[in-house]
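Enquirer: Just passing along the structure, written as structure tokens.
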Amino acid sequence: MKLTYQFFIFWFFLPFFAISGDDDYKNLIFKGCANQKSPDPTGVFSQNLKNLFTSLVSQSSQSSFASVTSGTDNTTAVIGVFQCRGDLQNAQCYDCVSKIPKLVSKLCGGGRDDGNVVAARVHLAGCYIRYESSGFRQTSGTEMLFRVCGKKDSNDPGFVGKRETAFGMAENGVKTGSSGGGGGGGGFYAGQYESVYVLGQCEGSLGNSDCGECVKDGFEKAKSECGESNSGQVYLQKCFVSYSYYSHGVPNIEPLSGGEKRQHTERTIALAVGGVFVLGFVIVCLLVLRSAMKKKSNKYDAY
């Protein structure tokens, strides 16, 4: 059985992980569906798959990674994992993962009547679920599933060197847990070097050393696939990487888990906007009052 991935871009924005609204982590990036369905006359496989999804969604409220096996019979058992980005809070992780089971059915088809596909993967911007039937052919953790590159080159003579340094920081960061954006449940790193913002994430099943190697391989593929493009995202079987170049410097980027800081920023903006509104209102009132007084003065001057 060979897993055939069918890829498409549902939403494209730059930078991919950096400056995005709170709901963007639920946007669909790609899906992969096996070209074979599991015969399921008794409905056992479908029930195991349903139980698998229920367990994965439940655990996503407490952690950013889990691996689950549903069923005991080798012919109907299902193995699955979910992984959330390291900068998502538990509530965001749950919100993201809980969207996927219905998407699997919608994008890959299946059900008790016509059988479910024996393996599938649905990847959103902030999380993914992948599952496979017991005994399904295993693929390399560094097999490339999907990539997207920016349409423009950086036009910066020093870009390659800056990107290389940023890549090195990420490779070390996913191994040591050193990150500007949080982590947990698989190596995660988000940070910047000069004008390059970079992100790396591994599946929680990888150890630190394997994670570093996977991310390194991802960045090598990003260089070969995207050349000097100003941005790129590469998704491998067990890790994914992203980079974005900003000609005027990386803007202030908050991790999605920085709730307090973001709320404080939002309050500051709200106060600033409110202050501008009040100031404008006062100015208008003063202008009206001045106009009225001027008319009154002109009236007296006429006598």
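Glycine is no exception: its Cβ is also placed from the backbone N, Cα and C atoms.
As annotated in Swiss-Prot:
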DISULFID  C33-C108  disulfide bond
DISULFID  C84-C93  disulfide bond
DISULFID  C96-C127  disulfide bond
DISULFID  C149-C226  disulfide bond
DISULFID  C202-C211  disulfide bond
DISULFID  C214-C239  disulfide bond
DOMAIN    27-136  domain 'Gnk2-homologous 1'
DOMAIN    141-248  domain 'Gnk2-homologous 2'
REGION    269-289  region 'Necessary and sufficient for plasmodesmal targeting'
SIGNAL    1-21  signal peptide
TOPO_DOM  22-268  topological domain 'Extracellular'
TOPO_DOM  290-303  topological domain 'Cytoplasmic'
TRANSMEM  269-289  transmembrane segment
Enquirer: Have a look around C33 (disulfide bond) and count the other CB atoms within 10 A of its CB, chains all included.
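Expert: Cβ-Cβ neighbours of C33 (disulfide bond) within 10 Å number 21.
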Enquirer: Run through C96, C127, C214, C226 for me and report the disulfide-bonded residues whose CA is within 10 Å of the CA of C84 (disulfide bond), in sequence order.
Expert: C96, C127
Enquirer: Could you work out which of the disulfide-bonded residues (C84, C96, C202, C211, C226) has its C-beta surrounded by the smallest number of other C-beta atoms within 10 A?
Expert: C226
Enquirer: Would you mind reading off the Cα separation of C33 (disulfide bond) from C93 (disulfide bond), to the nearest angstrom?
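Expert: Answer for this pair: 23 Å between alpha carbons.
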Enquirer: So among C93, C96, C149, C202, C226, all listed as disulfide-bonded residues, which is physically nearest to C214 (disulfide bond)? Use the C-alpha atoms.
Expert: C202
Enquirer: Given the disulfide-bonded residues C93, C108, C149, C239, which one has the fewest other C-beta atoms within 10 angstroms of its C-beta?
Expert: C149
Enquirer: Does DSSP give C108 (disulfide bond) helix, strand or coil?
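Expert: In three-state terms, C108 (disulfide bond) counts as helix.
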Enquirer: Reduce the DSSP letter at C202 (disulfide bond) to three states and note it down.
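Expert: DSSP call for C202 (disulfide bond): strand.
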Enquirer: Expressed to the nearest Å, what is the distance separating C239 (disulfide bond) and C93 (disulfide bond) at their Cα atoms?
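Expert: If we compare the Cα positions of C239 (disulfide bond) and C93 (disulfide bond), the gap is 17 Å.
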Enquirer: I'd like the per-state residue tally for the domain 'Gnk2-homologous 2' (141-248) from DSSP, helix first, then strand, then coil.
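Expert: Its residues divide into 37 helix, 34 strand, 37 coil.
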Enquirer: Round to a whole number and give the Cα-to-Cα distance in Å for the pair C93 (disulfide bond) and C211 (disulfide bond).
Expert: 21
